[in-house]
Structure formats: C-alpha cells, structure tokens
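This report concerns only the one structure given below.
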Amino acid sequence: QESDCQPIGCVEKEDGSTLCGYYQFSQDYYEDCGAPGKRYRDSVETAWKRCANDYNCSTRCVQKFVDRYKLGCPNRGTCEQSARLHNGGINGCNMQSTLKYWDTIKSCCQCS
C-alpha cells in the first residue's frame with residue numbers, strides 16, 4: 001500500500017519521523033519486530049534500512065510485529081489485525097485513525 005510494492009527508500013514525514021522501504025516502517029518498528037537480518041557488526045540504522053528495502057526481510061518484520069501485538073486486536077480477522085496494527089502501532093486496532101487505512105486495504109486486497 002505505502003510503496004506500490006517498490007523499495008522506495010526512506011521518506012521523512014512532516015512530524016520528523018523517517019519511514020523506509022516496502023512497508024514504510026520506522027527504526028523503532030524494526031527494533032520492535034526483532035530486527036530481522038541484523039548482522040553482528042551492523043548498526044541498527046544500517047540493518048533497518050537494508051531490511052526495509054528487502055521485500056522478504058521487511059515482510060518478515062511486519063509479520064513478526066503483527067504476531068507480537070495481535071492479542072490486542074480481539075474479534076478481528078487476520079487481515080484487519082495486520083492492517084491496523086501496521087498502520088497504527090501496538091494500539092492500532094483501538095484507534096479511529098486506522099479505519100481509513102483499513103478500508104483502503106480491505107477494498108484493495110478483498111479481505112476481512
């Protein structure tokens with residue numbers, strides 16, 4: 001959704017945050033998903049940017065993030081959990097602000 005399935009690099013947002021890669025996630029998000037692909041001598045920043053721009057690594061990160069926090073999304077389907085947690089963070093399923101994103105994903109992916 002965020003990148004049209006392209007590794008678009010990093011984008012600085014109006015609030016000063018930086019989001020990178022296929023799923024446009026932050027360094028904090030990357031650390032929260034367990035920092036997949038981080039090598040021993042890598043800085044977290046280097047590993048985050050590399051993972052974010054690698055489709056398999058970034059997909060694994062999003063899946064781990066959702067798996068970690070999905071219990072905070074009871075009574076919702078997997079697709080809705082994934083979309084709203086990814087968009088809004090750990091409390092995404094309880095935030096009104098994630099509904100627009102969920103509606104976009106739902107219509108695009110035909111999921112519930």
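Placed from the backbone N, Cα and C atoms, the Cβ positions cover glycine too.
Cβ neighbour count for Cys20 (disulfide bond): 25 (other Cβ atoms within 10 Å of its Cβ, all protein chains included). Marked as disulfide bond by TrEMBL: Cys10-Cys20 (among others).
Of all Cβ atoms in the protein chains displayed, 28 besides its own lie within 10 Å of the Cβ of Cys61 (disulfide bond). Taken from TrEMBL, the feature disulfide bond applies to Cys33-Cys61 (among others).
Within 10 Å of the C-beta of Cys51 (disulfide bond) there are 25 other C-beta atoms, taking all protein chains into account. Cys51 (disulfide bond) falls within a helix when secondary structure is assigned with DSSP. Per TrEMBL, disulfide bond is recorded for Cys51-Cys57 (among others).
For Cys20 (disulfide bond) paired with Cys57 (disulfide bond), the C-alpha to C-alpha distance reads 13 Å.
A separation of roughly 12 Å, to the nearest angstrom, links the Cα atoms of Cys10 (disulfide bond) and Cys51 (disulfide bond). Working note on the disulfide-bonded residues Cys10, Cys33, Cys57: by count of other C-beta atoms within 10 Å of each C-beta, Cys33 ranks first.
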